[in-house]
Amino acid sequence: MLRATAGSTEERDEEDEGEEELRDGGVPFYVNRGGLPMDEETWERMWRHVARIHPSGEALTKEIRGAMDLPKIPVPSVPTYQPTTTIPQRLEAIQKYIRELQYNHTGTQFFEIKKSRPLTALMDIAKEMTREALPIKCLEAVILAIHLTNNMPGVERFPLSFKSHFSGNHFYHIVLGVHSGGRFGALGISRREDLMFKPLEFRTLMDLVQEFEGAYRGYWHSLRKIKIGQYVSHDPHSVEQIEWKHSVLDVDKLSKEELRKELERHTRDMRLKIGKPAPPSPTKDRRNSMGSPLKGPGSPIRRISRAERRPSGEKKVLEQKSPDINGYQIRV
């Protein structure tokens with residue numbers, strides 16, 4: 001699918017949110033929707049696209065595709081830890097692994113990430129990323145970082161995305177915010193060194209956001225919008241969807257103090273989610289409409305009789321009747 005590049009409507013904003021930029025290297029980019037290995041049509045389309053966007057053009061593609069002695073690319077190893085490895089050290093190891101996969105400059109995103117898919121399906125894609133060890137873009141890096149931090153219950157994760165403006169165009173980027181030990185940080189990948197990893201050293205979410213805002217200013221980008229999701233479940237088999245945008249903050253319309261208050265409110269909302277049980281699946285409304293999967297189509301629904309609906313505070317002694325010696329029975 002070719003991403004749109006013209007216009008700035010809200011509809012296109014929603015469609016492209018989560019991609020690092022509206023255009024990759026100044027041109028649209030494709031998404032591989034056929035899985036791996038690539039089908040012939042997607043493979044040839046990728047090379048035609050490379051020939052259009054690279055300065056060397058067709059000559060580069062012929063040189064690479066015709067070479068018989070290309071060097072073997074090392075496959076990064078998924079990080080492992082000792083029990084004594086600290087949380088900051090583990091996060092740095094994860095970021096090092098993401099860097100070693102490298103940023104995808106081909107103009108074709110290799111893994112299709114649908115934000116509406118349940119967490120368990122996205123984690124399957126993350127496992128495929130570790131097997132294939134291909135270059136990735138920022139949204140893929142977020143999914144991979146979630147997978148690699150699932151076994152770290154002391155680390156809470158949340159999506160943090162940005163919309164910036166430069167030279168008449170809007171650009172999009174996303175990282176995985178992390179929170180542990182009262183400090184915030186981030187994991188991710190970008191063409192820009194200071195728009196991805198942030199060590200676990202920021203006292204508030206406002207401090208973390210200001211760090212990214214300063215990096216954008218360094219590239220003459222003005223930050224227009226920030227979207228922050230809720231904490232992501234640590235259960236890799238969860239059928240919950242990731243909440244990508246619990247808070248949507250229009251930076252242009254908020255003063256610095258208003259932005260700080262909104263970020264503090266969001267931080268409180270995230271804390272409230274910790275410890276809450278996951279919603280049942282399917283939901284109550286769906287259960288009412290589709291019935292219980294454990295019952296056959298002809299299974300009767302048991303209804304509680306009026307006699308069984310005894311208030312919890314009612315004394316059992318009130319239910320006892322005077323003994324009838326003549327009608328005495330042995331009860332088993």
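Including glycine, each Cβ sits where the backbone N, Cα and C put it.
As written in TrEMBL, here are the features:
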type     : residues : note
REGION   : 1-28     : region 'Disordered'
COMPBIAS : 11-22    : compositional bias 'Acidic residues'
ACT_SITE : CYS138   : active site
ACT_SITE : HIS173   : active site
ACT_SITE : SER190   : active site
REGION   : 265-332  : region 'Disordered'
COMPBIAS : 305-322  : compositional bias 'Basic and acidic residues'
Rounded Cα-Cα span from HIS173 (active site) to SER190 (active site), Å: 8
Neighbour count (Cβ, 10 Å) for SER190 (active site): 19
Neighbouring C-beta atoms (10 Å sphere around the C-beta of HIS173 (active site)): 26
Alpha-carbon spacing, HIS173 (active site) to CYS138 (active site), which is rounded to whole Å: 7
